[in-house]
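Structure, as structure tokens:
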Amino acid sequence: MDITLVEESPFRFRIERRGAMRVPGTVFATRALLPEAAGDQALEQVANVATLPGVVRASFAMPDVHWGYGFPIGGVAATDVEAGGVVSPGGVGFDISCGVRLLAAGIDRDALEPRLRELMDVLGDTIPRGTGPGGLWRLPGRPQMEEVLAGGAGYAVEQGHGVPRDLTFCEDYGALEEADPSQVGARAVERGLRQVGSLGSGNHFLEVQAVDRVHDEKAAAAFGLRPGGVCVMIHCGSRGLGHQVCTDHVRVMDRSLRRFGISLPDRQLACAPVVSPEGRAYLGAMAAAANYGRANRQLLTEAVRRAFTSAAGVEVDLVYDVSHNMAKTETHEVDGVPRRLCVHRKGATRALPPGHPDLPGELSGAGQPVLIPGTMGTASYVLVGEPGNDAFLSTCHGAGRVWSRHQALRRVRGEELRGRLESEGVAVRPSSWRGLAEETPEAYKDVDAVAAATEGAGLAHLVARLVPLGVVKG
Amino acid sequence: MARDGSAARHGGPRGGHRSVPHTADLRVEAWAPTREECLAHAVRGVCESFVDLSGAVGRRRRDVEVRAETDEDLLVALLDEVVYRLDADGEVPVDAEPAAVPGGVRAVLHMADVGTLAETGAAPKAVTLHGLSFGRGGHGWECSVTLDV
């Protein structure tokens, strides 16, 4: 399909409705950030998502949009629950509740510098990562797993893996109440039993960072961020459990499409009405997997705290924990009428503005922190939600890949990359040389440009820029 | 186009496999004279994307049987087994010997522990239906499958 983009503003493009599209596409980006690699199907995927039953307003793409499968990565779409709207597991992604957690340490980068190597060694030795089993918290069996699936980060804290304050600064206070552990299959549970408290592989990481620049002093202060302050960013999700939940429910929905009279341009968009048994089953399982993801990041937080205590003698507080692979039932005005919508965010972050009723009192004045990981050689960003965001209060989730893993491997060697990063003052603890090379900074869009476009498009505004000091690579 | 694991292994299935670029994921293509040999190459292609299989020896045998209404779904079902075993048990098939049974295939998987193999890349975590194809082509049978890593 040829995609024609109409420029509405320097930060906003429209894909006109055509064919089976029920709504137009809206791409928030500058011309320079638009996907352009030969064969990249991201914009076609934006148009494909616009064909989903019940979709409203537009199929949105964030400035970091890139080619996924089914949904583009960096895609947002909402369906009207009461008007036949569907839920699509592909609109959440395999790594359910993959997200970012930011911690602030009670130390500045200059004071940490002499202890950074030791800290990175401790983190490198204690943070489980890579393929297969090997988490910090081994669950004995399904009963305890069901507690994790129902209670999320709250259950982890209850079991001693954190402090109650942590939960205040988690999206949904660390757990989705609508979780239905009975919809999580045996294989998903088996994959998850030995992975709670592990990064996994791919683009997941744990980074020690420093606040390089503060753009919004008031919001930064509210989030506990100060110039030169040391932070830790954790990017990971629900590991094999989440992937198996998505796999299982996509298979079920793929088989039930004909019964619902749904035809799709891509099988990975498999979906079912939100109110159908298949839709409800998936949403219950998805919420359970999301809770697992939040417990996972909670366990890693505990390991970070131990490392900072032993290597630097300082404490670490949670700034915020936010998911970027989720579907949520939310109420938004559509054509002036409040509607219950199933908002899919696939590689996109919820971004609540100041005063939003879903925010805890501690963040009500400042708004919700939005955590945007960049690359291990460039920067990451903290932003905050803006009112008037018509993408259902959503924003980007990262820099966005531009090179395939193959391209990265052809151009970069892991050993050389580590040497380069170390010479730039970034301590690197890789899981494998190839895995490191695949995540080379050049494989991603310019995160500064993505953050600027996000602000320019009115999706969120900049609070702080963070730079890496050390990275533990999944 | 990237690494090409075609043909040559002595005693292995005829045909070949390779992985091709995709920004988010891993896409594997395989080809062979028969459907079952093509499946064996697809399994090999997936595993070679994240561990070094040269000289690897299977320590354990697993017999899996998968059924599906279409060949495409059969491919997905077999690779689902590979991904599941990797995550749940830390096992990687160093060789696969699929044989046709009514409605599907029975495959003997010769498994090695992933910890004994050199990890060379990000492991697949799920099999997608995006751009999935499996059917007769110029090489006999050809398939293309995208995996989440």
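Heads up, the Cβ atoms here are built off N, Cα and C, so glycines get one too.
TrEMBL annotations: computationally assigned, not manually curated.
Noted in TrEMBL for the protein shown:
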- A:D95, A:H204: Mn(2+) 1 binding site (BINDING)
- A:203-207, A:324-325, A:373-376, A:S380, A:397-400, A:K473: GMP binding site (BINDING)
- A:H235, A:H324: Mn(2+) 2 binding site (BINDING)
- A:H397: active site, GMP-histidine intermediate (ACT_SITE)
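Feature map: annotations from TrEMBL on the structure.
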{"residue": "A:D95", "record": "Mn(2+) 1 binding site", "CB count, 10 Å": "28"}
{"residue": "A:N203", "record": "GMP binding site", "CB count, 10 Å": "25"}
{"residue": "A:H204", "record": "Mn(2+) 1 binding site", "CB count, 10 Å": "23"}
{"residue": "A:L206", "record": "GMP binding site", "CB count, 10 Å": "26"}
{"residue": "A:H235", "record": "Mn(2+) 2 binding site", "CB count, 10 Å": "25"}
{"residue": "A:H324", "record": "Mn(2+) 2 binding site", "CB count, 10 Å": "30"}
{"residue": "A:N325", "record": "GMP binding site", "CB count, 10 Å": "30"}
{"residue": "A:T375", "record": "GMP binding site", "CB count, 10 Å": "23"}
{"residue": "A:H397", "record": "GMP binding site", "CB count, 10 Å": "28"}
{"residue": "A:G400", "record": "GMP binding site", "CB count, 10 Å": "27"}
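Each residue contributes its Cα atom, and for A:H397 (GMP binding site) and A:H235 (Mn(2+) 2 binding site) those atoms are 11 Å apart. A strand conformation is recorded for A:H235 (Mn(2+) 2 binding site) in the three-state DSSP classification.
A:H235 (Mn(2+) 2 binding site) and A:H204 (Mn(2+) 1 binding site) have their C-alpha atoms 5 Å apart, to the nearest angstrom. Using Cα positions, the member of the binding-site residues A:D95, A:N203, A:L206, A:T375, A:G400 nearest to A:H324 (Mn(2+) 2 binding site) is identified as A:D95.
Annotated pair A:N203 (GMP binding site) and A:D95 (Mn(2+) 1 binding site), C-alpha to C-alpha distance, rounded: 12 Å. Geometry remark: A:T375 (GMP binding site) versus A:H204 (Mn(2+) 1 binding site), CA distance 11 Å. Taking the Cα of A:D95 (Mn(2+) 1 binding site) as the reference point, the closest of the binding-site residues A:L206, A:N325, A:G400 is A:N325.
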